[in-house]
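According to Swiss-Prot, the protein has these features:
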- K155: active site, proton acceptor (ACT_SITE)
- K157, R274, H306, S343, G344, G345, Q365, A366, G367, G368: substrate binding site (BINDING)
- K181, D183, E184: Mg(2+) binding site (BINDING)
- K181: N6-carboxylysine (MOD_RES)
- H273: active site, proton acceptor (ACT_SITE)
- K313: site 'Transition state stabilizer' (SITE)
Amino acid sequence: MKVEWYLDFVDLDYTPGRDELIVEYYFEPNGVSPEEAAGRIASESSIGTWTTLWKMPEMAKRSMAKVFYLEKSGEGYIAKIAYPLTLFEEGSIVQLLSAIAGNIFGMKALKNLRLLDFHPPYEYLRHFKGPQYGVKGIREFMGVKERPLTATVPKPKMGWSVDEYAEIAYELWSGGIDLLKDDENFTSFPFNRFEERVKKLYRIRDIVEAETEERKEYLINITGSVDVMEKRAELVANEGGQYVMIDIIVTGWSALQYMREVTEDLGLAIHAHRAMHAAFTRNPKHGITMYAIAKLARMIGVDQIHTGTAVGKMAGDYEEVKRINDFLLSKWEHIREVFPVASGGLHPGLMPELIRLFGKDLVIQAGGGVMGHPDGPRAGAKALRDAIDAALEGVDLEEKAKSSPELKKALDKWGYLKPK
């Protein structure tokens, strides 16, 4: 009598239909054949249990996932699995992940498992809104048509009082920074309450906009429980802000989907910080790729998301970051494009290479590379803007520095250093 049925989920001659969701996995079997391991993934992520059953509903039979591709790759294998849409609730990222990234990661029959990519058909994708603004919308409300947007986190990222933070914000915005940004763990504290900060910072922003005749914005961190985030978003909108920042991984997908609806009602763009992503994206053999995370975030509707730099201090090589950025900026049915954010170890000397690698549709966030300028944050901001202008004009930084003392001092300090 047949007991296990994992191979029933493997059909390498199967051709997926246009209305099926395709998922690509890397896996390493543990004590079972590659075919059985792949079948176990397909079974557990669709309708399966470990054994044959007394009765099988007709709908369940039609909902069986199918492994249709299996090839050796390094120490493991690449499998492609087709999932009928009957397995998925419309418009629910959390239900999708409970299937394709759920129990399968705990199976003993696998040494390693990594979700590489997924391809939703339009019939599934149409239930997601994507970004409210996207690249085009953000460029319009910021009034920046061609160059990369600039952003800075006041460093150190903790410890500022509201008044101190406001003073730094004034200097940074006045020096040419477009977007002031809170860091991932900077929310609300006895020494710097969110409610006080939001009011003070937007007053400063209005002053700088009048003085510089440039649009300025504040990526204020509203991360918290859902009820707290909603209240904070309302405060931002009431003060005339047009952005909020959310730590999307620690906040969770369900909360992010809810806040996408809230921010649309309030007219707010979402800046997505990816803190904690490396817990499951960094190991090349196990977890979920940052590419897949970026795709999920775009479906839900963030307007910009951190992707890496390839030249800074954070993990992520050029090919990985380039692939993510290219996807975020590509046409994808009705889903708007998303601004990639380069951050982590950036300074003026790296601008020509960064822009050469990734182009001008980019948010360039430099924290220490602005705040660490010998003459202070305003000079650091101007040095960054001058370096970006030089890169776009095709002018060598050393040549540009002859007319920019701020850039010269930045180059004297950091040169073209790539932080480790």
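A Cβ is built for glycine as well, from the same backbone N, Cα and C atoms used for every other residue.
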C-alpha spacing of H273 (active site, proton acceptor) relative to E184 (Mg(2+) binding site), in angstrom: 7
Candidate with sparsest Cβ neighbourhood (10 Å radius) among K155, H306, the listed recorded positions: K155
For D183 (Mg(2+) binding site), nearby residues of its own chain (Cβ under 8 Å, 6 or more apart in sequence): V153, K157, M158, N221, G367
Other C-beta atoms that fall within 10 angstroms of the C-beta of K157 (substrate binding site): 16
H273 (active site, proton acceptor): tally of other CB atoms within 10 A of its CB: 27
Assigned conformation of G344 (substrate binding site) - DSSP reduced to three states: coil
Sequence-distant neighbours of Q365 (substrate binding site) in its chain (C-beta under 8 A, six or more apart): T150, A151, T152, V153, L179, K181, H306, V341, A342, S343, L346
